[in-house]
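Engineer: Dropping the structure in here first, questions after.
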Amino acid sequence: MKFPKNLFLVLFYTSWKFCDVCAYTPSHPLVYTKYGSVIGSVEYSRNSRAYMSFKGIPFAKPPVGDLRFKAPEPPEPWNFSINGTKDAPFCIQKNYFFSNPKVEGSEDCLYLNVYVPKTEGSQLLPVMVFIHWGGFFAGRGSSDYIGPEYIMDKDVILVTFNYRLGVFGFLSTLDDNAPGNFGLKDQVMALKFVHENIECFGGDNNRVTIFGQSAGSGSVNLHLISPASRGLFQQAISQSGAALDLWARPLNALQPNVTAALAAFTGCSAHIGSSKDIVDCLRKIEATKLAETADNFKYFSIEPLTPYSMVTEKQTDANPNPFLVQDPLESLKAGAFMKIPWMVGSVQDEGILRAAPLIRQPETLQTLNSNFEKLITQMLFLQFSAGANASSLLKNMTDFYLGGKSLIDVNNPKSVQGFINLYGDRAFHYGIYQTVILQLRKGHKPIWMYNFNYKGQYSYGDKFAATDKNVNFTWGVSHCDDLLYLFKSPGLFANLQKDNDILMSKTMVSFWTNFAIYGNPDPHQNLNWNSLNFEKPEGVKVADLNIMHITGNHETGKIAFDVEKSQILDRIAFWAKQSLLENFPDFG
C-alpha cells in the first residue's frame, strides 16, 4: 500500500517555506514541520481504510522548572526525526472521576497527535481539533481514550492534544506572577501549531473545526470569546458544556484563598503576602506532591472536583496575551465573540456524572442524605448564584426536583431521576441554553442544536460510579456517553459490538464530519435538521428552539432522529424564575 505523494505538498514557493520536504516510506511516513521532522506509522480505520498516524509531536516547550505556572512558549526546533509512533505522556493528574485514583502522567505533556486518512485527490483536507474532557483536572488526548479509528473513515484530518490540568493549568495569583488560565493558553498554543503546520500534513488551515466535550466543550465556547484565539479556527462544536455553565465561569474572588491553602499544604505559607515568593516556592515542589494536594481540598466524596477555576486577567507587558479579559457573560451580552458556524448540544442525563457515584456508593449516599442541605448547597454553588437567598433556592429546588424531600430516596425512581435532572440542569443544561439564547440574540448564526438520548451497551456512568454496587434503577444516557460513538477508547471500553451501537457510531461520525466538511451536519437535508434562524433573534426564547433529538437503544431496532422543541422547557423555566446572579432579563 502506498500513499499518494500529493497528500503531502511540497511548498517551496509559498508562505509555508518550512515544509521544505515531505517524504514517506510505505510503513513509516515522514513529515517536516516548522520545527523539525516526525516519523509516523500507517494504521487502519474501522472500515480498513489506511491512515497515517503522527503521535507525540511537541507543540510547546515542556512547562517545567521556571516555565511552571507560565504561559506556554513555542517548542524548540529539533534536528532529528521524532518517533511519532506512540503516544507521549499525558498531563499529570489525579483522575477522581474513576475508582482508585492515583497521580499519573507527566508535567512534560504538551504534545499533540495528527491523524491523516488516505485520499486519492490533491485537495487539502478539512481539520478537526478535539479538546478533551475531564473537568479541567483530568483527561487526555492520547489514543487509548480518544482513538481516531472511526473518524478516519472520513475525509478529514483529526488532531488531539493534551493541556495542563489542575494546579498546573489553573493556579492563579491574579497578577503577573501567575496570571492563570494556563491550560486554556495551552489549547491556544496547540491551535497555533495547527495553524502553522497542518498544511505539511495535507490539512487546510482555513477549514479548522474545533470540538470538545464537557470541559473541552466549555473550552470551545470560551475560544469563541477569547481574543487570544482569533483566526485560529472557522467552525466549532460544543458537546455538553458552554461558557455560561458555572464551572466555566471565572471565579477570581476564590483564588486568593485557594492559593493560600495550597501554600500551607506545601510548606510555602511563610511566603504569604508575596505572590512572587509563593510561586517561586511552589515551582520547587515536586510535581507528584503538588498534584496530591488536591486531596486536601476535598470536603465530601470528590467535591470540589477542582478548587481551581478560570480567571479574568489584565493585559500587561508580562502578560501580553490574556485568555479572558472579562466575564464571559459580559462578553456575550456585548456580542464580543466569533459568530461562526456552531453545533451545540447535550446528552439526556448529564447529571449521571455525579449522581452515579453519590447514589451507587452506599456510604457516600448515607453521608449525603445525612447532610443534604449543607452538601448540596456547596456542591451546586448555590451561594455563588443566590447569596443570602441560597436557603430559599435550595427549598425551591427540593420542592421541584425531589418532591419536597431533602434526600435521595433510592427506592423511589422519581427521586433518583429527580436528582439526576437537578445536577444535570444546574451543571450543564441551563448554562447551555442561556449561552445559546444570548448568542442568538446577538446575531450568532448559523447554530445547530441537538440532544443525545441513545442508550448503548456501554456507559461512562458505570465508570463514574467507581463501584460495582447498584440500586434498582434504570440508568439513562450519561455525561460523556456520546463520546463512545465518535472515538474508539480501548483504555476504557471494549469494541462496540451491538449492531445499533455501530450504526449510531457511524451516524454520529457522519454528523460531525459533515459539519467539518460542509459546515452543516445535515448538508443534504435528509433529516430536516436546520440551523436556528430567526428574523428577529433579539426576542428569541427557549421555546422557539428546534432541536435534533437523537434517541434509541442497543436492544431494539429503532433509532430515531426527530427535530422537535426542547423536552425540558419546564426545568429551564424553573431556573429562569429563580433570583440568580447569572440570570439575565426575559430569558426562558
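Yeah, the Cβs are placed from backbone N, Cα and C, and that goes for glycine too.
These figures come from a predicted structure and were not determined experimentally.
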Engineer: Just choose from C200, C268 the cysteine that Swiss-Prot connects to C281 via a disulfide.
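Structural biologist: Disulfide pairing in Swiss-Prot: C281 with C268.
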Engineer: If one measures from the C-alpha of N396 (N-linked glycosylation site) to the C-alpha of E350 (active site, charge relay system), what distance in angstrom results, rounded to a whole number?
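Structural biologist: Checking the Cα atoms of N396 (N-linked glycosylation site) and E350 (active site, charge relay system) gives a distance of 21 Å.
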Engineer: Between the Cα atoms of E350 (active site, charge relay system) and N83 (N-linked glycosylation site), find the distance and write it as a whole number of Å.
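Structural biologist: It is 39 Å, counting Cα to Cα.
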Engineer: Looking at the recorded positions S214, N396, N472, which one has the fewest other Cβ atoms within 10 Å of its own Cβ?
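Structural biologist: Among the recorded positions S214, N396, N472, the sparsest Cβ neighbourhood within 10 Å belongs to N472.
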Engineer: Near E350 (active site, charge relay system), how many other Cβ atoms are within 10 Å of its Cβ?
Structural biologist: 28
Engineer: If you skip the near sequence neighbours and keep only those at least six away, which residues in the chain come within under 8 angstroms of C109 (disulfide bond), Cβ to Cβ?
Structural biologist: P62, P63, A88, P89, F90, C91, I92, N162, R164
Engineer: Counting across all protein chains present, how many other Cβ atoms fall within 10 Å of the Cβ of H479 (active site, charge relay system)?
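Structural biologist: Around the Cβ of H479 (active site, charge relay system), 32 other Cβ atoms lie within 10 Å.
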Engineer: Other Cβ atoms within 10 Å is the metric here; tell me which of the disulfide-bonded residues C91, C268, C281 scores highest.
Structural biologist: C91
